[in-house]
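**Student:** Okay, so Swiss-Prot annotates it like this:
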- 71, 73, 86, 89: Zn(2+) binding site (BINDING)
- 467, 469, 471: Mg(2+) binding site (BINDING)
């Protein structure tokens with residue numbers, strides 16, 4: 001076994017590649033001196049042998065063997081021939097995984113403009129050439145000629161566009177016997193673009209732009225600054241403008257655009273293979289037409305088709321008709337693979353599935369405390385499995401990991417007791433996408449619950465921007481003691497009451513909570529069932545309400561010896577009754593107090609409703625805990 005290679009990356013940078021660099025990516029020299037890497041045939045695999053065709057899109061000589069330690073012709077098999085290059089087929093005997101990173105290239109018979117830099121917003125080619133995008137497109141797609149050098153012609157200017165008729169007229173003048181015209185050069189297509197870009201002296205251009213900017217104003221100044229910024233970036237990165245026109249295009253490794261055989265013997269293939277095949281076919285046809293000196297109009301048409309094929313490969317649908325495959329589905333180009341939510345960056349590089357994490361729908365947990373969340377049992381046993389196994393072995397209930405896993409899979413009752421011990425004091429982190437601010441991920445103490453949904457305290461919903469209409473949340477388990485301590489001290493929901501953006505409380509009662517509190521404490525003169533009854537304690541009132549002896553809003557007297565506050569002053573007696581033993585009963589608006597002869601309070605009954613009793617008791621219990 002070879003040690004695993006670990007490549008450390010600081011960052012990934014996207015830039016322009018020179019034709020030489022693209023060749024370096026794909027070119028390799030075999031021990032016999034043969035240089036391989038250029039893909040020249042559109043074939044993929046042989047339909048009889050099911051082996052890759054040589055010099056095709058899946059060529060084993062270019063990309064490496066299709067089977068581990070086996071060459072194309074079968075002369076060398078087994079790992080003992082490692083590193084040998086077969087004399088017959090030229091395939092290096094190595095692992096097949098090299099087909100995931102070895103690249104090839106296609107040498108184009110005519111230059112082709114890169115569609116990103118031509119049709120992107122902004123169009124860097126048109127900015128650099130200081131020409132309207134419409135004019136640049138006319139040149140690239142063979143609709144107009146462009147003057148590359150006006151020579152001594154007074155009627156022509158550099159970068160002037162000419163129609164077919166205008167060019168024929170000038171051509172007649174050039175080739176007439178008494179012609180005075182000299183040094184007139186006109187081009188069309190990406191070749192003309194390549195020449196125009198190569199003629200730009202970036203340093204000189206930047207210098208003259210800086211001088212112009214000093215005196216320019218308004219729209220013109222903004223345009224000059226935009227152009228200068230692009231030129232400065234080219235100078236800073238060491239890229240050349242002519243690299244925006246490609247003479248060589250890379251062929252990505254075959255295992256990244258696979259071709260697999262289905263059950264019925266048919267093949268399913270990546271769209272990229274179809275797009276590459278179109279490019280190779282048109283490129284080969286163009287090379288053949290140039291060889292046989294075909295008429296200019298035919299060659300030009302083929303060049304335009306090659307440009308369109310490369311456009312479709314890089315960014316299908318950016319310009320012109322979208323290339324479609326079977327059942328009129330647009331083919332996925334290189335741009336489609338890397339951009340968007342399902343693209344390589346967001347799907348595979350930035351967002352990865354991690355261990356010790358789960359995901360489920362959230363439901364409201366009204367009985368939870370603010371720092372708690374309800375974690376489904378089957379999710380908790382999976383997330384905390386290593387901790388549970390460790391605890392089972394340490395307690396002597398099982399001897400090894402295999403036995404512990406068997407015990408867990410049988411849902412043994414003892415496992416749940418161990419799980420309860422493990423999760424006690426072990427916070428978990430809940431995250432709801434999109435995490436737009438730091439309160440989008442918070443820590444909670446898990447409480448085991450039945451069912452498959454995560455229970456969430458309603459007060460923390462505004463921080464997560466969560467509601468219970470089908471939202472999902474991810475659970476992450478902090479493993480190390482440091483991360484657990486950090487989660488508990490910094491991320492616990494009860495420590496995140498204020499919004500980091502505004503400094504105002506983000507945990508505020510709303511909706512059901514406000515409505516419920518209002519309904520419990522509201523007055524309803526129509527509620528008369530059980531009104532005026534006396535009760536010895538708060539619990540008796542709640543019990544009577546639960547047994548439907550009294551209405552929620554009926555006013556009753558309940559014994560309560562603590563302090564009483566009301567929204568209106570309640571110090572003036574309404575009625576005072578003196579008893580035979582000298583004690584007296586004082587009736588206030590909201591309470592009834594019995595005092596002895598010395599004025600000491602014997603008992604106090606408050607005039608309230610069962611709803612207010614329930615509300616008051618809930619707050620008292622919350623404060624006491």
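Cβ from N, Cα, C; glycine included.
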**Student:** Can you name every residue in this chain, apart from 71, 73, 86, 89, with its Cβ inside 8 Å of the center of the Cβ atoms of the recorded Zn(2+) site?
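**Tutor:** Those within range, site residues removed, are 60, 72, 74, 75, 76, 87, 88, 90, 91.
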**Student:** Starting from the Cβ centroid of 467, 469, 471, which together make up the recorded Mg(2+) site, report each further residue of the same chain whose Cβ lies within 8 Å of that point, ordered by sequence.
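**Tutor:** Neighbours found: 362, 466, 468, 470.
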**Student:** Find the shortest Cα-Cα separation between residue 73 (Zn(2+) binding site) and the binding-site residues 467, 469, 471, and name the residue that gives it.
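**Tutor:** That would be 471, the closest of 467, 469, 471 to residue 73 (Zn(2+) binding site).
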**Student:** About how far apart, in whole Å, are the alpha carbons (Cα) of residue 467 (Mg(2+) binding site) and residue 71 (Zn(2+) binding site)?
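**Tutor:** Spelling it out, the Cα of residue 467 (Mg(2+) binding site) and the Cα of residue 71 (Zn(2+) binding site) are 59 Å apart.
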**Student:** If you measure residue 86 (Zn(2+) binding site) to residue 471 (Mg(2+) binding site) at Cα, how many Å is it?
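**Tutor:** Residue 86 (Zn(2+) binding site) and residue 471 (Mg(2+) binding site) have their Cα atoms 58 Å apart.
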**Student:** Output, ordered by sequence, the same-chain residues six or more apart from residue 89 (Zn(2+) binding site) with a CB under 8 Å from its CB, or 'none'.
**Tutor:** 54, 60, 61, 71, 72, 73, 75
**Student:** Fewest other C-beta atoms within 10 angstroms of its own C-beta: which of the binding-site residues 467, 469, 471 fits that?
**Tutor:** 469
**Student:** Can you tell which of 71, 73, 86 has the least company, meaning the fewest other C-beta atoms within 10 angstroms of its C-beta, among these binding-site residues?
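**Tutor:** If we count Cβ atoms within 10 Å for the binding-site residues 71, 73, 86, the smallest count is at 73.
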**Student:** According to DSSP, which of helix, strand or coil covers residue 471 (Mg(2+) binding site)?
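**Tutor:** SS state of residue 471 (Mg(2+) binding site) = coil.
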